[in-house]
Every structure is written in C-alpha cells, then in structure tokens.
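S.K.: For reference, the structure I am asking about is given below.
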Amino acid sequence: MKLIPFITAASAIAIVSLVHAQQVRNEPVKIIEPYVSDTPEKVELGKQLFFDPRLSMSGIISCNTCHNLSYGGTDNLKTSIGHKWQAGPVNSPTVLNSSLQIAQFWDGRASNLEEQAAGPIAADVEMALPHTLAVSVIQSIPGYVDQVQKIYGDDQVTLDHITDAIAEFERTLVTPNAPFDQWLMGDDDAISATALAGYDLFKNAGCIACHYGEALGGKSFMKMGLVAPYESDSPAQGRFDVTGQEMDRFMFKVPTLRNVTLTQPYFHDGAAETLEEATQVMGQLQLGRDFTEQELTQLVAFMETLTGDRLQMMLPILPENGPETPAPSPFE
Ligand code: HEC
Ligand code: HEC
C-alpha cells in the first residue's frame, strides 16, 4: 500500500500494459505487445525524419508519403509512385508492425529496419536523394544537429544516425489490442462467431503454416504459387533477385496480415484489389482449393479482427532550414 504514492503515471501505464499483455489462449497466433522505447528522444528524432520531405530530392516526398500513418502505413496504390512521378516495381508494404519481421522488403534484402531505411532515401524511384546529400541536408538544419549531438554525442550527422533514429521510431509503430488479441487474452465476445469460424478455417486449411506469429506473417519466405504458378506483370522475382539461386525464384517474404483491411491492394505487384480476391488466390495457388462464398466470408471476417490500435500521435514540428540548407530540385 505504502508503495502506491511512489508509482508514477508512466510506471502505472507500464504495469497496466503488462497485465493487459497476458495471452491466455494457447494459439499459433500471438498477441502484439506495445513497444516502450528507452530512448524517447531518438523516437522523436526518427519521427521528425519520417515526416520530413527534405529527405527527398523534390522536397515533397517523405517516408509518410508512401507509408501513410494516418491510414494503414501504406499508399494504397498498386505500386508506389516516387520521384518525378515514376512508378516503382512493387506494392508498398505497411510499416506498421514491420519490426516484428525477420527481414525487410518483399525479397528480404535488408536484414533490419536500420539497413532498410537507407534504401528509399537514395532510390531513384523513391526519394532520389543521394546519401551524401541527405546527410548534408540534415547537417545544414541546426535543430537536427542539436538533437544528434544530444542523443549520439556527435556534432557530425551521419547516415547511421538518420537510419538508427528512423528505425527506433518505426519500432513504436506496433498495433496491439486488435479484437483478435482481446479474444486471445480471453474475451469470448471480442470477435463474432463468423470470425471465429474463419480463424478455425485459417488453421485447418493451412494458411497458418505461412501466416503465423504475432504479425501473422513476416517470419519466413515462401513461394508465391506453390501448387499453381502465379502470373504477374511485375519484374520482381523475390529472393531470387537477392541470391541468384533458382530455388529462390518467386520466394517472397510472407506479408503480415495485421491491419490487412487497411492495406489494399494486395500482393507484391498489387494485383489483387480486394481481400476476398487475395484470399481466393491464396486458396487456389498456395493450398489447391476453391473456397465457397461462405468460407470466403468467414476468412475475411477473421482477418477483419486483426486491425489493432494505431499509435495516436501529434504531427511533429520540423526544425527550420539553416542558411546552407539546399533548395529542393523537383525536376532534376
Ligand atoms: C515512393 C514511395 C516510398 C517512399 C518515399 C518510402 N517507401 Fe518504404 N517502401 C516502398 C516500397 C514500394 C517498398 C517495398 C519495396 C520492395 O520490397 O522492394 C517499401 C518498403 C519499406 C519497408 C519494408 C516493409 C516490409 O514489410 O518489408 C519499410 C520498413 C519502409 N519501406 C520504410 C520506409 C522509410 C523509413 C522511408 C523513408 C526514409 C520510406 N520507406 C520511404 C515505398 C516507399
Ligand atoms: C505457402 C505459404 C502460404 C500459405 C499457405 C498462405 N499464404 Fe498468404 N501469402 C503468402 C505469400 C508468400 C504472400 C505474398 C505473395 C506475393 O505478394 O506475391 C501471401 C500473401 C497473402 C495476402 C496478401 C497480403 C498483402 O499485404 O499483400 C493475404 C491476404 C493472404 N496471403 C492471406 C492468406 C490466407 C487467407 C491463406 C489461407 C487461405 C493464405 N494466405 C495461405 C504465403 C502463404
């Protein structure tokens, strides 16, 4: 009893979320735990960088352009549009819960979020800002230099500082407390009977063999078109593009199904417009079965229970340009 007055608001929240995070049902799908960073200043810097279009050559594209955090962490386009309106080759995956995966990108070519974040800044079809220029832009903004100095004890901004801070911010973008998590924690009424039938089917039909873990995906690379080939216009060949090994052709990272109702269109080429369509294709190409209308309704009802709490946040106020901050070049 004596202790109670000493419990701060923050530790009270931590205790509540620990209690809250107990999964009582023993299922192959695990609940998502909230992420508590021990470096909040780094999270704040990463958040500013995530929203800062000065990290692009045009001055108008930020990470948030293609990974809209006010919606599902994607751009909801078939394939992304980047610098000078160029179409990228693949669909933008969500950044929500991306920290729960074994690797980043459809083909897993980045092993973690730090490595990943360097990619889009310099990619021609994305932000098109060479890394040396990106670093000098951030170095030219006194408010960023101050933060880097405080967090890393360095006066000189490096690409590692930028990607390290962005990655720490991204780790906060987990979405706990979905209706399905509430059900996993023992609340029988959290999901409908139809959704529960969908979950049983999801396990019995074999979806769970690939879409498992807390993110229902992100833990393995699997062949797209296991029992019948997948036809696509996209040049992407999955893991093959990374390893050059024939056995890796069309092996893609199994995407997360968390918040999947917010991340349409689906698949690496964005070819499936609806969740029903994506589910039917999965049945046919991965499991060799045609689902009935009723089965599709059940599977979709289950996947609808996977939308969790998205981080409520204030839009960051970005630090002002310094005297040397270069002007953007939208048409270069
Ligand atoms: C022009 C649109 C665009 C911009 C801008 C962009 N991304 Fe992406 N992002 C994509 C696309 C498309 C992919 C998938 C590419 C692939 O797999 O080859 C992706 C992949 C990712 C992934 C991997 C997710 C997963 O599940 O594999 C993360 C994380 C990510 N981006 C974060 C960022 C960050 C951080 C920034 C800013 C520094 C950023 N993105 C800027 C379009 C964009
Ligand atoms: C053999 C492994 C495997 C099985 C079984 C499987 N999936 Fe998938 N699933 C994948 C892979 C790999 C992808 C990505 C394919 C691509 O984009 O080319 C995917 C993609 C998806 C997507 C699209 C997600 C997105 O964000 O683009 C949905 C939805 C989906 N699966 C649902 C299901 C359902 C429902 C079942 C069961 C009926 C199922 N999957 C069975 C491996 C599997």
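Every residue gets a Cβ built from N, Cα and C, even glycine.
TrEMBL labels come from automatic prediction, so no person has curated them.
I grabbed these lines from TrEMBL:
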type: SIGNAL; residues: 1-21; note: signal peptide
type: DOMAIN; residues: 41-149; note: domain 'Cytochrome c'
type: BINDING; residues: CYS63, CYS66, HIS67, HIS83; note: heme c 1 binding site
type: DOMAIN; residues: 193-307; note: domain 'Cytochrome c'
type: BINDING; residues: CYS207, CYS210, HIS211, MET282; note: heme c 2 binding site
S.K.: Between MET282 (heme c 2 binding site) and CYS66 (heme c 1 binding site), what C-alpha distance do you get in Å?
M.R.: 25
S.K.: Give the residue counts of the domain 'Cytochrome c' (193-307) per reduced DSSP state, in the order helix, strand, coil.
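M.R.: Taking the domain 'Cytochrome c' (193-307) as a whole: 51 helix, 9 strand, 55 coil.
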S.K.: Using CYS66 (heme c 1 binding site) as the reference point, find which of the binding-site residues CYS207, CYS210, HIS211 has the shortest Cα-to-Cα distance to it.
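M.R.: Checked the binding-site residues CYS207, CYS210, HIS211; minimum Cα distance to CYS66 (heme c 1 binding site) goes to HIS211.
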S.K.: State which of the following binding-site residues has the fewest other Cβ atoms within 10 Å around its Cβ: CYS66, CYS210, MET282.
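M.R.: Sparsest of the binding-site residues CYS66, CYS210, MET282 by Cβ contacts within 10 Å: CYS210.
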S.K.: By CA-CA distance, flag whichever of CYS63, HIS67, HIS83 among the binding-site residues is nearest to HIS211 (heme c 2 binding site).
M.R.: HIS67
S.K.: Check each residue in the chain of HIS67 (heme c 1 binding site) that is at least six apart in sequence and keep those whose C-beta is under 8 Å from its C-beta; list them in sequence order.
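M.R.: Set apart from HIS67 (heme c 1 binding site) by at least 6 residues yet with Cβ under 8 Å, we have GLY73, THR74, ASP75, SER92, THR94, VAL95.
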S.K.: What is the three-state DSSP composition of the domain 'Cytochrome c' (41-149), stated as helix, strand and coil residue counts?
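M.R.: Helix, strand and coil residues of the domain 'Cytochrome c' (41-149) number 51 helix, 4 strand, 54 coil.
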S.K.: Please list the binding-site residues from CYS63, HIS67, MET282 whose Cβ falls under 6 Å of any atom in ligand 2.
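M.R.: Those binding-site residues that pass the cut-off, since their Cβ is under 6 Å from ligand 2, are MET282.
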